[in-house]
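Taken from TrEMBL, the feature domain 'Major facilitator superfamily (MFS) profile' applies to 52-464. Per TrEMBL, the feature transmembrane segment maps to 45-68, 88-105, 117-135, 147-164, 176-197, 203-221, 283-306, 318-340, 347-369, 381-404, 416-433, 439-456.
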Amino acid sequence: MEEGATARSLLQKQNLDDNDQELITNSCGEDEGLLLQSDQSSSTITVVVVLSTLVATCGSYAFGYAVGYSSPAESEIEDDLGLDSAEYAVFGSVLTIGAILGAISSGKFADFVGRRGAMGASEMFCILGWLAIAFSKDAWLLDLGRFLVGCGIGVLSYVVPVYIAEITPKNVRGGFTSLSQFMLSSGQGLAFLIGSFVSWRTLALIGIIPCLVHLLGLFFIPESPRWLAKCGRVREVGAVLQFLRVKNADISQEASDIIEYTENLQLISEDGIRHLFQKKYAYSIKIGVGLMVFQQLGGLNGFGFYATTIFESAGCSIKLGTIAAAVVQISMTAVGVFLIDKCGRLPLLLISATGTCLGCLLTGFAFFLQDLHCGKDLIAMMVLIGVLVYWASFELGMGGIPWIMMSEIFPINIKGSAGSLVTLVSWIGSWFTSYTFNFLFEWSSAGVCGMGILFISKMVPETTKLALEEIQASVTVQ
């Protein structure tokens, strides 16, 4: 216990980013009046910030819609194009191959063309991909379209939360960033819901709508002030901040902080991938990689990509199951967004991991009873409850919190490299689960979820702002 506490303390000490440095400065009493004035002028939520966030989260909605597409479309695509289970597994999983390539290049690409440019290019890939899927006559064009969509969402998975974090005031940044996960879950849930009533080709064409809304909306929102500062466009930083904040607000201190922080950041040498495995970074890397492994191997894409197969195999109504799953996903994600800063990351993660374990156990046990030829209605009900328990629990914590914690646990000089590593691990796990699910249908991921509970309870620290402030206060006193 003492070793774990020491490791967690070291993790918090090495994670002093720009916001944390301001907290320490406040505790020391330096420039207190100036910082308070800056906070008052830049902490108000404006219409521009809200609209810019909504436009950006259209990318998260497109991401979720792409993930949710393959489940309601599975049976129709297999019938219309004559695909077998192995060929459809390729279609389902090739999305993650494209996403891996997109995610690897996302950081450098977003730095080169800007946040808006990266989101716009990503949506072009998604639009081309959806058109290829909608008008495909054979498997190769179908897979190509899915691959292009994957490339697009791979970049969006990185750039959307980064853009939101860079334009929102510090006091509401966590809540606004959580909206990205809410929109992702909404996209996935509505894909389930809409797919229950329309054909797979129509469902693909509908997927273009959020991409177009996002693409057009980008012309009306500002570029990230932090990216402008990084590019040396200092004059534009103030103009953009003034547009984002309250009219006639004093944004001089905030602009100065961003410019100074960016200049200091450029003086710090970014440690590459090969430096990540040093002992001093081991604890934070284990947390980041571990959370992504348990998030993906806990059955996420099995339930997400092939929910209709699960319901059909259990004799449950596909339409009832997909509609119920959509409602549960959206509602529980909203609950998670509301609770994340009130209850903390760690309690929600533990509750979430426990619930996903129970959901997997119940679903797996139902199919075990099916092999014993037990009551058909009982099995269908158990599977429906198991799937809904899994989704409710997953969306409460394991869906979004690991991604939020990635920005909180890594020291600044390895954030880029460590972020790329955990994103790569996530998408590799996503590919493995989505490709092998049809072949390992009877395998239960409850054991993986159970190990995830132990990992979270023993290894993962609390990273809410309050906990960070307490740690930093103790560091300052020392």
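Numbering starts at 1 and runs along the chain as displayed.
Heads up, the Cβ atoms here are built off N, Cα and C, so glycines get one too.
Please treat TrEMBL annotations as automatic predictions, because they have not gone through curation.
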Query raised in the report: Which one, 45-68, 88-105, 176-197, 318-340, has the most C-beta pairs under 8 Å toward the transmembrane segment (347-369)?
Result: 318-340
Query raised in the report: Who are the long-range neighbours of the transmembrane segment (203-221) in its own chain, taking Cβ under 8 Å and residues 6 or more past its ends?
Result: 48, 51-52, 54-56, 58-59, 61-62, 65-66, 69, 72-73, 116, 119-120, 123-124, 126-127, 130-131, 133-134, 145, 149, 187, 191, 194-195
Report summary line: Across 45-68, 88-105, 381-404, the most C-beta pairs under 8 Å with the transmembrane segment (176-197) come from 45-68
Report summary line: Long-range Cβ contacts under 8 Å made by the transmembrane segment (117-135), restricted to residues 6 or more beyond its ends, are 56, 59, 62, 66, 102, 106, 109-110, 141-142, 144-153, 155-156, 159-160, 163, 201-202, 204-205, 207-208, 211-212, 214-215, 218
Report summary line: Outside the transmembrane segment (147-164), at least 6 residues beyond either end, the same-chain residues with a Cβ under 8 Å of its Cβ set are 53, 56-57, 59-60, 62-63, 66-67, 94-107, 109-110, 115-116, 118-119, 121-126, 128-130, 132-133, 173, 176-177, 179-180, 207, 224, 403, 407, 419, 423, 427
Query raised in the report: What stretch of 45-68, 283-306, 318-340, 381-404, 416-433 shows the most Cβ pairs under 8 Å to the transmembrane segment (88-105)?
Result: 416-433
**Report entry** Maximum Cβ pairs under 8 Å to the transmembrane segment (45-68) - stretch from the list 283-306, 318-340, 381-404, 416-433
**Finding:** 283-306
Query raised in the report: Given pairs 6 or more apart, does the transmembrane segment (381-404) have at least three Cβ pairs under 8 Å with the transmembrane segment (318-340)?
Result: yes
Query raised in the report: To what whole number does the mean pLDDT across the domain 'Major facilitator superfamily (MFS) profile' (52-464) round?
Result: 84
